[in-house]
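Below: one structure, written as structure tokens.
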Amino acid sequence: MTAFSEILQRRDWENPQSVNIHCLKAHSPLASFRDMAHARDGIHAQRQSLNGQWKFKLFDAPEQVDGQFTQADFNDAEWDEIPVPSNWQLQGYDKPIYANIKYPFDVNPPFVPSDNPTGCYRTRVSLSPEDLLNTQRIIFDGVNSAFHLWCNGTWVGYSQDSRLPAEFDLTSHLVAGENTLAVMVMRWCDGSYLEDQDMWWLSGIFRDVTLLSKPQHCIEDVFITPELDACYRDGSLSIVTTIAAPETYQVQVQLFEGTQAVTEPNIARPHNRRIDERGTWNDDVVFQTLHLREPKKWTAETPNLYRLVVSLLDENGTHLESEAYPVGFRKVEISEGQLKLNGKPLLIRGVNRHEHHPELGHVMTEEDMIRDICLMKQYNFNAVRTAHYPNHPRWYELCDQYGLYVCDEANIETHGMQPMSRLSSDPQWAHAYMSRYTQMVLRDKNHPSIIIWSLGNESGHGSNHNAMYAWSKNFDPSRPVQYEGGGSNTTATDIIAPMYARVNTLVADEAVPKWPIKKWISLPNETRPLILCEYAHAMGNSLGSFDEYWAAFREFPRLQGGFIWDWVDQGLSQWDENGQHFWAYGGDFGDEINDRQFCINGLIFPDRTVHPTLQEAKYCQRMITVSLQEQTQKACTLLVTNENLFRTTDNEQLNWSLLENGQVIQTGSQVLSVEADSQTRLEIALNFTPKAQAQYYLNTDICLIEATSWAPAGHVVATEQMALRNHAGLAMPTLRTQPAPKLTENGHAIVVSSLDEKHQWRWDSQSGLLMEWNVDGKAQMLAAPQDNFFRAPLDNDIGISEVDNVDPNAWVCRWEMAGIGQWERHCVQCESETLAHAVVVTTTFAYHFGGDVQAITQWTHTLSNDGEMLLDVDVTLADALPPMPRIGLELQLPLHQADTPITWQGLGPFENYPDRLAAARFGLHTQTLAQMHTPYIFPTDSGLRCGTQWLQVNELAISGDFQFSVSQYAQQQLAEAKHTHDLLAQERIYLRLDHQHMGVGGDDSWSPSVHKEFQLTEKHYRYQLRFSPASR
């Protein structure tokens, strides 16, 4: 018996050779069905969940633990209870720590801090004498970061690797009746040096704990390899079954579709019997093959699954137990420089996904997983990378079932190590590396959804990677291996897998330069496909120029897509002292080593509501595209392209609508039937009389006819909008004949009134500002319209993701140096004159900062008797200024009601920015004031709508060619707030009207990533806006 003091002295948690002790060999998940029909139907598995309330106590370090807690008679009455699975930091113990690169402790591998929070767990399990006739194994699916296990006071073993199962044989330690399990979990171990992923550091038993009962003679593992013939028509299964049984025992395999057998039973006996060093029989291996003519193929589009039942029979043919696995017939290969599935080159519409729950941390329920998968499919994702570790076992089963391609990634990242490859090249760590990779492959090898293995993430490149790669190609040559480290194109990867390489621009400020992806595939002797393991960093208001990636993917066959970073904002639910909810990020728990909001870079919020960026991703990744080929006044010819590689559009309907000046005037629908990977032409009959100078658009929505497993009937899978030519002539111009309004100058006041006194404007000639604007005595604004050059910085503007200090090249730093947002305004001149039909008030402003004039603007107001004001703004900027955030104006309007409707004719309905508007459609949109604001967890500028021609807010209508946003928050408040609960909604509406607005960027979030064509580099701008009463 191993004493507790010996375990403390041995310090397995600081020894990279002690990966696991007494753990059973990794294998595919086992269920031990005692009936073949049960195995076929997946019912009555011999698995007992040990999830529930366990006794718990947290100690400061392993040395502080009372070793008697392992004993059955230990009095734990004063201990707390904690749910298993859970992370103890989210149950009121210890604190979460978020870091992207930095280790949250001093780097001195393999040693960890002496201050090493240690959670001790206890639970009791009752077993009958009949239970003890079988072997009993306990499986911990995930424990962070390392643990020792005791059963009835006897030490059982040790394990680390937070993201893979640890399985122990408890049979010899159990008794009939009540049994006590005790677990000691350390927050830090040497394995923590290999788990430096961009996520929260959380601890505890956070995945399921299961007791598996198996007969003495049993199936230990099954390895299934599906194959397709050269024509990708007929299929076969290679099945390797490992058993612990006498040589006279047999293995039967049979394939089912539902309850129907599709092959005859195949029975075989073991081969290659060996006697091990203990003089006993070693595991026996049985090789079998099944053939099936023209099986239904598995793809993400058509996730057809069969079920293989593998049964152990004794020498008399008596059934002992069965295991069963879903089977998908598919073939993954790289040929002609492309990653192919069933002979077709894939286009990876992928996303990186962390296992994150806003209340439960790293605990994921099946409902959470299904919700994520359905959202992914609804937004046109077909692939997921398990960034950066093996996921919960159930995740892969659901990906098999619903249809997602999976890049399965080993739990290895040493991002904070200097150099990054330090441990990757160290033979002392080779066993730890190999264990993490091989055990992942051994667990997950039978899932058809897994089409790529990944050696890990951001660990440089070293001999340990080469060893993993070599083992993988030998053990499972049916799947390619990818790895980004060391330049994305080392000999340890079958796929060029860069992160954040750009479409056309060289990223040269890296240790290893990242070529433009278009150039990368044309480098000499480079024949591999390129799939970005990470791209389009979706941090906050981001994803600018995403459509450029997809244009390149569709143009160049060896550019085969990528995985967006990333799926979900890793915010944790918290409440402030006033009971107001907010999403917490790094530093909010007193974690001094942190990377702030860099964990907030998802396409969806923590509660799974969607960001506007997800709309752009959905559009660019759509599987069905529609383009306008021909147009007459009576008809349009559309080209419909089905980018699905394996399925006809047999459940899709094309709904179309004709818009006149943003309003629908005609609709129609047509069922689609387009063969996989092909095109067809459709003719749409139009029945309308065009109006002079009206704008016409044809919208198409491709919708599901019937519900699927991942979306309801009517779900829109793809949209398109096409501008149509107007065949009508021009409209006759309207001449203004009304008299000019009345102009009065009184001291510093310039007052303009309509002749009926209904409309009145008043300027202060000293400030040059329009101080009052009344209609029927009712104020139209609360503060004067003013030039606006500032935006509350976006995460991409700040550019401080991986360093403590602001990069001087970051937009926010350049804007601060130029004083943008701090300029002093001086009125140079304010004058007025009466014309034949209008009064003109002209004001010139100079903006000063640092002793220099930074900008000069001239506002020319042309006022008509009917209450219309035409505003002409001329802007001249100093040559030394950096590209500007925006060119526009802001005015403050009264707030009449909280749900004030905002109606506009322009791009929408969701938020869009100049470099992120491919998904937006021109139309007449109405949303409430609240809907116009996007509550980014780290507050920034939000809510812009581009391509606007007309806008109504309250009783005010604005027309022109502009972009706008409305908000109850001042820009400065947004700039200063760190969380949404810091924002206090004002009793007014901030209306921002922009002539030009800089793009948001998003190739990455730590360098200035706004493309040049979306930067405001000109030094002269001029724009016009027309204001009028909405009731006019």
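Every residue, even glycine, has its Cβ placed from backbone N, Cα and C.
Here the structure is a predicted model, which means the values were calculated and not measured.
Taken straight from Swiss-Prot:
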BINDING   Asn100, Asp198, Glu458, Glu534, Tyr535, Ala536, His537, Asn601, Trp1006  substrate binding site
BINDING   Asp198, Phe598, Asn601  Na(+) binding site
SITE      His354  site 'Transition state stabilizer'
SITE      His388  site 'Transition state stabilizer'
BINDING   Glu413, His415, Glu458  Mg(2+) 1 binding site
ACT_SITE  Glu458  active site, proton donor
ACT_SITE  Glu534  active site, nucleophile
BINDING   Asn594  Mg(2+) 2 binding site
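Recorded features from Swiss-Prot, shown on the structure.
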residue : record                             : contacts (Cβ under 8 Å, 6+ apart)
Asp198  : Na(+) binding site                 : Asn100, Ile101, His388, His415, Asp595, Phe598, Cys599
His354  : site 'Transition state stabilizer' : Met199, Ala387, Asp566, Trp567, Val568, Gln570
Glu413  : Mg(2+) 1 binding site              : Leu194, Glu195, Asp196, Gln197, His388, Gly456, Asn457, Glu458, Ser459
Glu534  : active site, nucleophile           : Asn352, Ala387, Glu484, Met499, Tyr500, Gly562, Phe563, Ile564, Trp565, Asp566
Tyr535  : substrate binding site             : Met499, Tyr500, Ala501, Tyr549, Gly562, Phe563, Ile564, Trp565, Asp1003
Of the binding-site residues His537, Asn594, Trp1006, which one sits closest to Asn601 (Na(+) binding site) when you measure Cα to Cα?
His537
Around the Mg(2+) 1 site (Glu413, His415, Glu458), what further same-chain residues have their C-beta within 8 angstroms of the site's C-beta centre?
Ile101, Asp196, Gln197, Asp198, His388, Thr414, Gly416, Met420, Gly456, Asn457, Ser459
Tell me, if you would, which residue among Phe598, Trp1006 (binding-site residues) has the fewest other CB atoms within 10 Å in the structure shown?
Trp1006
Taking the Cβ of the residue listed as 'Mg(2+) 2 binding site' as reference, which residues of that chain separated by at least 6 in sequence fall under 8 Å from it?
Ile97, Tyr98, Ala99, Gly586, Gly587
Per DSSP, to which secondary structure element type does Phe598 (Na(+) binding site) belong, with helix, strand and coil as the options?
helix
According to DSSP, folded down to helix, strand and coil, what is Tyr535 (substrate binding site)?
strand
What residue among the binding-site residues Asn100, Asn601 has the most other CB atoms lying within 10 A of its CB?
Asn601
For His537 (substrate binding site), just count the other CB atoms lying within 10 A of its CB, please.
25
Given a 10 Å Cβ-Cβ cut-off, pick out the one of the recorded positions His388, His415 that has the most other Cβ atoms nearby.
His388
